[in-house]
Amino acid sequence: MKLKEVTLRHLKMRMKSPFTTSFGTMQDRDFILLEAKDENGNSGWGESVAFHSPWYNEETLKTNWHMLEDFIIPELLNREISHPNEVSDILSYIRKNNMAKSTIEGAVWDLYTQDQGISLAKALGGEKSKIEVGISIGIQNTVDDLLKLIDEYVTEGYKRMKVKIKPGWDVEVMREVRKHFPNVSLMADANSAYRLEDIDRLRALDEFDLMMIEQPLASDDIIDHATLQKQISTPVCLDESIHSYEDTRKAIELGSCKIINIKIGRVGGLTESKRIHDLCKQHDIPVWCGGMLESGIGRAHNIALTTLDNFILPGDTAGSSRYWDKDIIDPEVVVKDGFITVPDVPGIGYTPNRKTIKQFTVSEKTFS
Ligand SMILES: O=C(O)CCC(=O)C1=CC=C[C@@H](O)[C@@H]1C(=O)O
Ligand SMILES: [Mg+2]
């Protein structure tokens, strides 16, 4: 297969409601959508999960555009690629910039699986026909607002509630949530808002029987997390700290976590995600698929990955209607009774809607 033409589009989509984390609030989702055409004129699609600003990690929409335009696309255009696994090797001389690399790797997987006539899920080795879905809830103005939202999502059937926490919005909030929802599967995500000195506060969360606490400590740490994990009973899950198979190996060896959140963009693509999945499986570390407030294209890749058998815990793969009035794929992603039925058609399983894509496009550039 050869990529004959690649188009980058900057899309801006308004979210139904603002999303607040320990870093701040987001109302618009700006992202890059990548369309790659092969020699047969087929299109493969990938989405960059980098945000507009560098609060989650160091990558941004602009740095991704720059890396894609100036390094990644020139490296891959017109080059013979026999399997998508080759993409990460070809790009390995470029340090980091995982989200930029993942954007085009996802499109190559899409093209490859269309060409082979199999679904992306099957090509990755996934066997599930439906996947369990959880939901991530941003920091709210009041505890009552949070309780109301949880109630709605429980009624909709979501299988696990993830509540964002930060110092001052943590122990008391979780206590209230547990009081009102004694049996719900519950977890907390701190997005690195704590330090080891906060251990008493983190240990106080043990009484709420959380499935896990996600990334409590620094975004580049696996040492303090190991110290923390030894002193709390709640399983630690790493998100921001894991960028690769190698990071995963080291975190497992140190005992930094008992669970890993795999985000395709953060680790540089589907090939690396699968390697991390396989390593975790060997070590009995369950994984789940994180979300980055993706549009339907990124979501489709997440769904396919989640069909691998060590994705034991519900992922942040909420339905299209969680964030969007109108998503950019047909059909939209639907969650029913807490499950998504995995499409069994060649490629990513959903069709990009060009009309809607155009409507959200701020700028675009084609390379050939
Ligand atoms: O996409 C989703 O539904 C999950 C969103 C979500 O929880 C996150 C997205 C991006 C950064 C963080 O705030 C957070 C996470 O860390 O997992
Ligand atoms: Mg997280």
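Each residue, glycine too, has its Cβ placed from N, Cα and C.
The record from TrEMBL ties Glu214, Asp239 to Mg(2+), and of the options Asp170, Asp189, Asp278, Asp284 it ties Asp189 to that site too. When secondary structure is read from DSSP and collapsed to three states, Lys263 (active site, proton acceptor) falls in the coil class. Selection of the recorded positions Lys164, Asp239, Lys263 by a Cβ distance under 6 Å from ligand 1 yields, in sequence order, Asp239. Ranked by CA distance from Lys164 (active site, proton donor), the recorded positions Asp189, Glu214, Asp239, Lys263 have Asp189 at the top as the closest. With respect to ligand 2, the recorded positions Lys164, Asp239, Lys263 contribute Asp239 as residues with a C-beta closer than 6 angstroms to one of its atoms, given in sequence order.
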